[in-house]
Amino acid sequence: MINLLSPIQYIFIVAIVLYILDSVWEVGSLFRPGTFSKRLSNYFILTGLSFHCAFLIVVSIRSGTLPITTLFESSTFYLSLIVLLSVILKFLYRLQSLTPFVMPIVTGFSIASVALVRNDLALTYNLKTFWLFAHIIPLFLGYASFTISFIFSIMYLTQERQLKKKSFGPLFESLPSLETLDALMWKTITLGFPLLTIGLVAGTVWAKTSNILGLLWYLDPKVTLGALTWLIYAAILHLRLGASFHGTKVAIVTIAGFVVVILTFIGPFLMGHKHGYEKGSVKFEQEIAPEPPGIAKVKS
Amino acid sequence: MNLHTVGLNHDSAPVEIREKIAFSASSVPIALSSFTQTFPLSEAVILSTCNRVEIYATSPDNSLNKEALLDFFSAFHGLPKEKFADHMYHHQDMNAVRHLFFVSSSLNSGVLGETQIISQVKEAYTTATAAETTGSMLNQLFQRSLTVAKDVHTKTSIGKGNISVSTVAVDLAIKVFKDFSDKTIFIIGAGEMCELVLKHLVERGANTAIVANRNYDKAKSLAEEYDGKAINYENLDDYLPQADIVISSTASPRPVIHTEHIKSAIKTRRGNPMLLIDIAVPRDIDPKIAKIDNVYLYNIDDLQTVANNNAKDRKKDIGKCVLIIDKEVEKFMAWFEELKIGPAITQLRNHFHEIGEQELERLRPKLGEIAHEEWEHIVYSMQRTLNKILHKPAKVGKEKAKNGGGYQYVETIKHLFGIHHKDETKK
């Protein structure tokens, strides 16, 4: 499969290799800080991210739009935002234990995303509209933010388990306090929620005005699941803000929220629903699907 | 090298002997000056703590040995030698250096890895410098011992992980809470242990404390000490929802905190975690409470286990520490050898150049009228020749110093050129 990659895609392979090294180093530095130096892992993650971004930039320049024209591109775009956000949080809060949790997951997804290279679903609409940017950028940033909050809830539950079970190993040492994790979980959710809202509103307006999803746009599985995601995170907000709930419950609901995020992201594709992606050699904005006559009437 | 240390510690002598040999902080300078009166050329440092009493002394002559130092202890404390001599150890030269490095790195301490000894060694050294009883040798030795101690502590786990129950309790608290400034500490039973934990928490920023005790006055006095609030023991349950950290150590034979108390407290707290530390035996907090969500309960055994494991981890690193120390001892010995080589080389250089100057003086009148420039050439040429001859012995000397054997080398050179004798007559 690898030899079917285009030269540009090899840039991403380099990023994956660096991410694999980083994952080993990040996890290793938790348990054997003497052998796996933190400086080296910083180097791996930063160069890995640079290659990753370079890949996306080249792709964007070639297509003239966001790197979301294929499922493979969207996945890598989403993954790059996760890495970017965790690197920012790592240095902002001096969090040594975030990336050891993030990087193995990102690495795994990156490798899996390579399998999507040959997937010939491609985006069919005018890809340079304002609405695409207004829809995609907030949504992807929101998803990345929710992913990190999911990681924080995993960390929270791990630390909480260790406190309950009284197992105070190296992992216990390197994880921050429950209160810190709770606060970070909350911060990333409150960052993601407005972004999700903006993305969904923009998408709704776009679907209504351009009819790209057809008349029954609200029955598109991705739209329905998007609404469900919004509801779940609204519920979390309510739990924390309204009922001022903390602790394990919030962590568990956050995990549930993320499961829906992932479902929204790839679920419809797995089920064969397309949400704007078409099979075949449809390429970029030149080939916009002709509007069915019925829709034209509604439009006018 | 003539470096000696004689002393005793918690391993070699019981407290009855240690207290007789110990020097009080005020008597150390007196002892030091009396020591240097007895041994005028010597340098000395006295280290006297509750766990050890040691004297480090060096002298260029051969006046110092174990007996002489024992005599000093005996004379100063007015104690017959037989009474304590059996408990005293003696180390000489390299072993004395090694011993001091072990002591300052706290490998020789009752509590392995404790850091108090570093400041004690530092203080012993400053006292001696103030009393002007240290010279180039002990200055170097003690400064290095402090650097070694720091190195050992940063590069190994010898001082890592708390090994006392009260500090382990704080270690757990910092894994539940980010900071203590907005947290309420609830102390039940105003015992010593509770106070110790509270003290550590206050050091880390805690500033709200509630104290409940059967004896209200006792609660009040502890609460006042930490700007806290004393409450009636009967109203204990009412205050539980406010408490983020509960530390309990009452003498009650039955649990004082029950499951329903904590269940309702955590409900009021809306899932905000609670840390409960039960250091009482028999236990104060119903162990079933540990099952409640967002409640973390630890008893004295849990804390003790953590403390013991940390102590074990410290022991594991002893080998690493010894490696660092041995390397540093070697470095110190090399420095010491170089110390001797340096002046010897200078002497040799002076000796050669003196001869050169004499020869030039003899030559000058013989040449008659020559240009100043030409004479400069001759002088320059002479100096160059001498420096070239001297280059090799100086270089070899430094190498010898590093690899040991510097001492013999110096002696040989002095012997070879007859500088030893001449130099002493000069003085």
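Using N, Cα and C of the backbone, Cβ positions are placed for all residues, glycine too.
What TrEMBL records for B:Thr49, B:Cys50, B:Asn51, B:Arg52, B:Ser109, B:Glu114, B:Thr115, B:Gln116, B:Gln120 is substrate binding site. Non-local neighbourhood of B:Thr49 (substrate binding site): B:Ile117, B:Gln120, each in the same chain, at least six residues away, with C-beta under 8 Å from its C-beta.
The active site, nucleophile annotation in TrEMBL covers B:Cys50. According to DSSP, B:Cys50 (active site, nucleophile) is assigned to coil rather than to any helix or strand.
Around the Cβ of B:His99 (site 'Important for activity'), 21 further Cβ atoms fall within 10 Å across all displayed protein chains. The feature site 'Important for activity' is assigned by TrEMBL to B:His99.
In the three-state DSSP assignment, the secondary structure recorded for B:Gly191 (NADP(+) binding site) is coil. Per TrEMBL, the feature NADP(+) binding site maps to B:Gly189, B:Ala190, B:Gly191, B:Glu192, B:Met193, B:Cys194.
Marked as domain 'Tetrapyrrole biosynthesis glutamyl-tRNA reductase dimerisation' by TrEMBL: B:324-419.
B:Ala190 (NADP(+) binding site) has none of the recorded positions B:Cys50, B:Asn51, B:His99, B:Thr115 nearby, counting only those with a Cα within 10 angstroms of its own Cα. The DSSP breakdown of the domain 'Tetrapyrrole biosynthesis glutamyl-tRNA reductase dimerisation' (B:324-419) into helical (H, G, I), extended (E, B) and coil residues amounts to 89 helix, 0 strand, 7 coil. DSSP assigns B:His99 (site 'Important for activity') to a helix. Taking the C-alpha positions, the distance from B:Ser109 (substrate binding site) to B:Cys50 (active site, nucleophile) comes to 11 Å. Between the two most distant C-alpha atoms of the annotated substrate binders (B:Thr49, B:Cys50, B:Asn51, B:Arg52, B:Ser109, B:Glu114, B:Thr115, B:Gln116, B:Gln120) there are 15 Å. A coil conformation is recorded for B:Ser109 (substrate binding site) in the three-state DSSP classification, outside any helix or strand. B:Ala190 (NADP(+) binding site) counts 25 other C-beta atoms within 10 Å of its own C-beta, drawing on all protein chains shown.
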